[in-house]
Amino acid sequence: MGLLVEEDFGLKFTPLVVIELDKNANEEAIKWLVKRIRDKKEHGGTELMIEPFLMSSSDENHNLFLVGASTRRLLLAAEEIGIVKECEDGSMRAFTCSNRNMFKDFKDGGDSFFSMAECQYIIKLQLDSLRAINERIIPGYPQVKLYPGKSILRRLMSKGILVQYFPLHDKEELKKLSYSWYSKFQLSYQPLDDIRHYFGEAISLYFGFLEYLTFALIPMALIGIPYYLFAWEDFEKYTLFATFNLVWSTVLLEVWKRCCASLAYRWGTLIRKKEFEEPRPGFHGVLGINPVTGREEPVYSSFKRQLRIYLVSVPFVLLCLYFSLYIMMIYFDMENWALGYHEEEQSVWSSLVLFLPSIIYAIVIEVLNRIYRYAAEFLTEWENHRLESSYQNHLVLKVLVFNFLNCFASLFYIAFVLYDMKLLRQSLATLLITSQILNQIVEAFLPYWLQKRRNKKVHKKLGRTSMDKELPWAEQVKLEADMDTYLIYENLA
């Protein structure tokens, strides 16, 4: 893990996480939060290191604090949350400080024992576990109420006092990763272990699945080429190809489950203990006693949660599905209009109009998927799940059901109701191509362009003419604070 700090800042630790507070945050609240983060565990703190990020007076739009941890604190916290590491004998076990010397790569006091992602993950969990003890209000904000067991950072964020907290990049580690991953053209597998070391298991599994799916689709593509080139319309040939696709898609998913389990075991997430999973920061309820740990913590009735799920969430999801089907029928009306227009005109323009309904529908699908995702996140948050795993499972289920119907209902309708192979081929090709172009623009080109634009502004502000030179560390921290959040479901691993 590289050192990110320049000597000018006088820090005695490696900052791993940045906390950004509102620029007008009350000074009393800031001092109270810093004290609570520094306090010992027995006093309700996290024992993390935190220092203000001092900037010039012109940077009044940022109120940043750098957070890090000593090696001892990281080791103790890793044991608390059940981080699984590889032992010298090759087995995977939950880390314990008492047996630390039996773990592979534990040397020099454990300074480089944890990866960058693991250190930041540990610090994030420690910050999330920061909860009110006897405080009834946030100092400096008498209108913001607290009660014992309430997540402090969550409360600060809901009231706009806390803007965000995010992991900090290590430029040296990022350079090494880019060299082995994408900076040069090479026909080889992705360095998933290096990606996991820097970004964590979820991101690494995501790219691992993309790599696996790309190779798994090659046999389908090779067999499908003759069907496209020779326009085979024979029913038996279509049946044979459909049977192969059905068997192959089943096989590749089962093989991926095995590959995913192997990676998860190797990275220690498969057996990471969850029986003592802490309540998620967004969980709230009346103060009660946990029957397992005997500690005071918020308690919320499971019956009330079920009422919210079945009386509000489920009807809302069904309503969204109905709306999606209604949009689909409008799409078919547009297809009929385009077909009628082409039969009347019989021109190059009219032949292009045939693809217009599918293009518009593909755009609408992407917009509906994104709108629904925000609605699903709001509903799942409102259901008030106690554990993060439960929250993620309910969120993924909502998104999966809607996305499946919204994206594929029209194709099933064309194939099994209309029996129109020509329209099915045209719709499938148009939907896939349009959605891929939109996704590439939104997920790759647009973020890349925005980030290049921000970098250019910073370089211009510093009076630099070349974009190749690295930014000073202070400017890099502020630049990362302005980045957008990358969303990914956390239960991939």
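Every residue number used here counts from 1 along the chain in the order it is shown.
Just so it is clear, glycine is given a Cβ too, placed from its N, Cα and C backbone atoms.
Residues annotated as domain 'Anoctamin transmembrane' in TrEMBL: 195-486.
Under 8 Å from some Cβ of the transmembrane segment (205-232) lie the Cβ atoms of residues 189-190, 192, 195, 238, 241, 244-245, 248, 252, 255-256, 259-260, 263-264, 488, 492-493, all in the same chain and six or more residues away from its ends. The transmembrane segment feature in TrEMBL is assigned to 205-232 (among others).
Residues annotated as transmembrane segment in TrEMBL: 309-332 (among others).
Per TrEMBL, transmembrane segment is recorded for 348-368 (among others).
The feature transmembrane segment is assigned by TrEMBL to 395-416 (among others). Same-chain neighbours of the transmembrane segment (395-416): 313, 317, 320-321, 324-325, 328, 331-332, 361, 365, 368-369, 372-373, 376-377, 379-380, 423-424, 427-428, 431, 435, 489, 491, counting only residues six or more beyond its ends whose CB sits under 8 Å from a CB of the stretch.
Here the transmembrane segment (428-450) has long-range neighbours at 355, 358-359, 361-363, 365-366, 407, 410-411, 484, meaning same-chain residues at least 6 beyond its ends whose C-beta is under 8 angstroms from one of its own. For 428-450 (among others), the entry in TrEMBL reads transmembrane segment.
Within the chain, the transmembrane segment (309-332) has long-range Cβ neighbours (under 8 A, six or more residues past its boundaries) at 357-358, 360-361, 364, 368, 372, 375, 379-380, 382-383, 394, 398, 401-402, 405-406, 409-410, 413.
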